[in-house]
Amino acid sequence: MSRKLLETEGPKWVAQGIITPEQQQQLLALYPDEGRVVGLLPLLGSLLVGLSALSLVAANWQGLPEWLRLLLLLGSMSGAYAGGEYFLRRRNDSLGIGLVGLGLILFGAGIILTGHMYQLIGYDATGLLAWALAGTALTYLYHSRFLFILTAAIGGIVQGYSTGQLGGFSYFTAALTVWGLGYYWWRRPDGLLATVLATGLLWQAGLLIGHLHAKITWFFIPAMLIYAAGDWQADRPAGRSLQAPPLVAAFLFTLGLALYGEADTYAGMLRPPFLAYISALLLVLALSLAGKYKRGRLSSATDWLLLLPGFYLHGGLALAIATLVVLYAYSGSVLWRAHQENNADRVTLGTVLFILTTMVAYFKLTWAFMDKSLFFLLGGALLLSLSWYLRRKNAQSLAAKQPDAQPDVQSHA
Amino acid sequence: MNPTSTFFSRQRLVTLAVAVQALFILAVAGAGYATTALGRTIVLRTTPVDPRDLLFGDYVRLTYTISQVTPQLWHGPDAPQKGQPVYVLLQPAGRAYEATGVYATEPAATADQAILRGWVTDSWRHGIRLRYNLERYYVPEDAGQALQKAGIRRALLVRVSVAPWGQARIAQVEEVPQ
């Protein structure tokens with residue numbers, strides 16, 4: 001419950017006699033105004049000051065002598081770090097960490113600008129790798145989520161530059177993200193960091209697949225390894241957050257397969273060597289199931305439905321239909337598990353997935369056989385009735401388990 | 001965790017981390033000086049430079065005679081691929097160096113030859129286009145005006161320092177003497 005909710009809803013509750021005005025004040029006192037905006041202001045302020053200094057220096061950059069440019073780079077970086085330490089020691093955490101983050105950004109800018117200044121050419125990502133390394137070290141030193149996110153982004157940038165401009169995948173950067181940031185998250189599980197980490201790793205995995213010119217389905221081996229790591233994480237919500245990005249990728253891929261898999265040329269582009277791909281996938285599956293078993297979450301094994309390698313079928317339309325069945329089975333399993341866990345958010349998620357699947361199925365199966373206006377009419381009617389039915393079902397099942405919360409649940413679902 | 005209990009207190013580690021970063025930036029600058037001091041100089045000829053380039057921005061776009069080579073120069077197990085890093089073997093020819101071979105792996109060079117690293121940007125039946133990351137020359141203020149005065153669609157000679165460890169940088173840009 002938040003203070004905002006209490007402030008807006010409180011007077012109604014008093015009017016309806018649910019709580020007395022005194023109780024309302026007591027409740028409000030439980031959630032003091034934390035002044036989030038005030039915490040954000042110094043960050044924004046320092047950003048603006050930094051930007052103005054930056055544009056001033058940038059305008060005159062070429063005219064400055066080399067030693068002065070170097071001094072400016074080193075001075076601003078050290079200054080930002082020192083300022084960060086100063087404010088952290090005075091318990092002004094958001095400003096302090098903001099300045100340390102600025103120092104880290106200035107370190108990267110320093111490397112790039114010094115390289116430009118001496119017209120140096122980068123042949124490998126060593127220079128930028130030092131940037132990612134510094135970010136990792138600072139994340140551990142300050143135990144900061146902000147620095148973690150910044151470092152994950154830096155890793156993605158370095159890898160993108162390395163594969164895009166330098167024609168080589170930086171395995172060291174990938175390893176640094178996996179072991180450096182991965183270990184940090186493993187010891188300090190956190191939902192937001194999990195999603196950031198998984199997204200960053202998926203980005204690098206995608207770059208690797210592109211760099212190797214491998215079939216894109218190989219992407220799901222590293223993606224599902226990330227997923228499996230989520231299974232072994234003792235902290236359940238953080239583990240789920242790590243698994244969300246790989247699952248989103250797998251769902252979108254399966255959706256694409258249902259839409260375009262009918263053309264054998266598309267499915268053909270997806271087929272890696274059968275034995276190698278399947279054994280790698282089974283290995284990751286075993287790892288994931290072992291984790292689920294150990295942590296007592298075997299019911300979530302239905303996530304693996306999305307990884308069924310249907311693209312090996314040469315069926316044409318049959319493949320598309322089989323893929324749709326898999327999608328229905330998956331979204332159905334999400335809904336079913338949401339009901340079991342009594343989780344309103346996941347019910348919503350399951351409903352959305354279900355409707356998405358239905359849309360694709362409808363698009364796929366009826367487009368060729370029907371007049372277009374009738375197509376849209378029937379489609380609209382189908383989706384409306386489906387969403388009505390699912391909402392009703394959600395409300396019923398959730399209401400049966402927690403009768404008091406019914407109005408609130410309905411508005412969420 | 002008590003910050004003062006060990007020799008490696010958090011305070012000292014932070015100081016160390018910042019010092020290492022500052023040293024790294026100084027090392028990048030040092031690499032620039034070292035490349036000029038220890039490297040050998042090769043001269044590359046550009047195609048005519050558009051003088052309008054000098055009016056906008058702080059750099060000129062340079063295209064070299066070695067920026068595009070014939071496919072006969074290619075030595076590699078597979079056909080050159082877009083984005084692939086390559087080694088270009090250079091040989092002196094008149095005032096400037098010209099490409100005698102493009103290799104997927106580092107070739108052996110005789111004493112008068114030089115090796116420059118680059119990337120394939122395009123490859124087709126009649127040519128391979130290469131990028132050396134020497135295509136942008138950040139013009140120093142004074143040199144810019146001199147070049148602008150002289151640079152009426154004329155080729156330039158670019159002196160490039162190549163360090164023994166392969167690092168390259170543009171040392172000087174001048175006109176082709178008449």
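For all residues, glycine too, the Cβ spot is worked out from N, Cα and C.
In TrEMBL, annotation is done automatically, which means it is predicted and not curated.
Features reported for this protein in TrEMBL:
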| type | residues | note |
| --- | --- | --- |
| DOMAIN | A:12-147 | domain 'DUF2157' |
| TRANSMEM | A:37-61 | transmembrane segment |
| TRANSMEM | A:67-88 | transmembrane segment |
| TRANSMEM | A:95-118 | transmembrane segment |
| TRANSMEM | A:130-154 | transmembrane segment |
| TRANSMEM | A:166-186 | transmembrane segment |
| TRANSMEM | A:216-232 | transmembrane segment |
| TRANSMEM | A:244-262 | transmembrane segment |
| TRANSMEM | A:274-291 | transmembrane segment |
| TRANSMEM | A:311-335 | transmembrane segment |
| TRANSMEM | A:347-367 | transmembrane segment |
| TRANSMEM | A:373-390 | transmembrane segment |
If you average per-residue pLDDT over the domain 'DUF2157' (A:12-147), what number do you get?
84
Quick check on the domain 'DUF2157' (A:12-147): DSSP residue counts for helix, strand, coil, in that order please.
111 helix, 1 strand, 24 coil
Which stretch, A:130-154, A:216-232, A:311-335, A:347-367, tops the Cβ pairs under 8 Å count with the transmembrane segment (A:274-291)?
A:216-232
